[in-house]
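Trainee: Next up is a structure, given as structure tokens.
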Amino acid sequence: MELKRVVVTGLGALTPLGNTVSEYWNGLINGVSGAAPITRFDASKFKTQFACEVKGYDPENYFDRKEARKMDLFSQFAVVVADQAVADANLTEGSYDPDRVGVIWGSGIGGLRTFQEECVNFANGDGTPRFNPFFIPKMIADISAGHISIKHGFRGPNFVTVSACASATNAIIDSFNYIRLGMADAIVTGGSEAAVTEAGIGGFNALKALSERNDSPQTASRPFDADRDGFVLGEGAGALILEEYEHAKARGAKIYAEVIGGGMSADAYHITAPHPEGLGALNVMKNVLRDANIKPEEVDYINVHGTSTPLGDISEVKAIQSVFGDHAYNLNISSTKSMTGHLLGAAGAIEAIASIMAVRNNIVPPTINHFTDDENIDKRLNFTFNKAQEREVKVALSNTFGFGGHNTSVIFRQYND
Amino acid sequence: MSEIAEKVKAIIIDKLGVEESEVTPEASFTNDLGADSLDTVELIMEFEKEFNVSIPDDQAENIATVGQAVSYLEEHAK
């Protein structure tokens, strides 16, 4: 059976750098940090008191009050970016068969704030259960895909992938696979996360995963810098419309890029620590290159997972050097998490968008906040430190790894008529 | 209008996001005010909380309109 070609025809973003794709991209290429003191709750007693929040978001600009009240923030974000992407792709009624359009979304955690609030209410009561009837349907991670399908009437495959910080990339890969197998004409994919809550910050602090650089939030996310001390929690969402190539051509859709490969692997090593030699990361990049049927030398840009943790950054670099050999020195590598923070289950979505925009504009967004070289990292590698670089980007690879040892990687290629 | 009726009306406006003028005694939660079954459960829970009463399920089934809610609560509120 011949696999079908899959292209990207629409994008949507709600990020710590801006609430549209163009604001997000402008923030990225200008090296803007999205970090600031936490506003979503009083963090004065927390070890980490800053995060990369979405700014200027008012649910009433997008939903009526009754509708918004029944949706956790992560679902609101999902619906908002899906709307943007559907509009961007010009998926107007009549231009598609709704039974052949799916929604495959990613969220690592789901409605953490809803879960926290309902449990706190119960704990503060007299033991009488007074759980809100919307508690479960607000909290469960899959409801985001449900909301998007209900809003647009998309009746094709519909579910949510959960693989921690790899969730959105798993969703993108699943969408790619279903379309190339001929099981859908188009799929709304991506991911959303809204975990800047007491439980989110407190939980990641307990894991010692977060930067505690409270005196300088904007320089806290510093992947590959010698003084990196953990990731910065982010929130937001990204949406992509993946579409079967002939379907997109037939309706005259604008094509951003082609999806040519997806790779998956597991570390099978530890619940939170990466494999020290980057074994899972190495395998996932080999897998994605094989799936895309390209040589390592064809890759121009790697948008790395690079979360700014001491261990994770090193093992990913080791893996890149094993897979790409000397070509690793010709590549541009960057961690856009230096600007956006780590959006957990949505990271793969907004980083896929960064990779697609790099391919489209031939600009590599930087890894900001580089002050001091890490002596354990090969200086000949080009991490695109501090300033965006113009270069031809025909092929971009995006890595995303999750707690549990889940590794995912996806490759986008420049599309020319 | 009684104090109870005022509070009931305020809860309905808040939870169902409807206009005050729509909340007439005859208005049905599901047929006139756009509530689905989950909204109705939430309304009953809000009434229980606001008026410190416990409304058994078999009686909750009989509260389908604004007027029925007000009369039930006027009778049972502590």
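Please read every residue number as a count from 1 along the shown chain.
Note: Cβ is positioned from N, Cα and C throughout, glycine not excepted.
Note that the structure is a prediction, hence the values are computed from the model and not measured.
So TrEMBL has the following annotated:
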DOMAIN    B:2-77  domain 'Carrier'
MOD_RES   B:SER37  O-(pantetheine 4'-phosphoryl)serine
Trainee: Quick check on the domain 'Carrier' (B:2-77): DSSP residue counts for helix, strand, coil, in that order please.
Mentor: 47 helix, 2 strand, 27 coil
Trainee: Same chain only, sequence gap of 6 or more: which residues have a CB within under 8 Å of the CB of B:SER37 (O-(pantetheine 4'-phosphoryl)serine)?
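Mentor: Result: B:THR30.
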Trainee: Over the span of the domain 'Carrier' (B:2-77), how high is the average pLDDT in this prediction?
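Mentor: A mean pLDDT of 94 is what the predicted model shows over the domain 'Carrier' (B:2-77).
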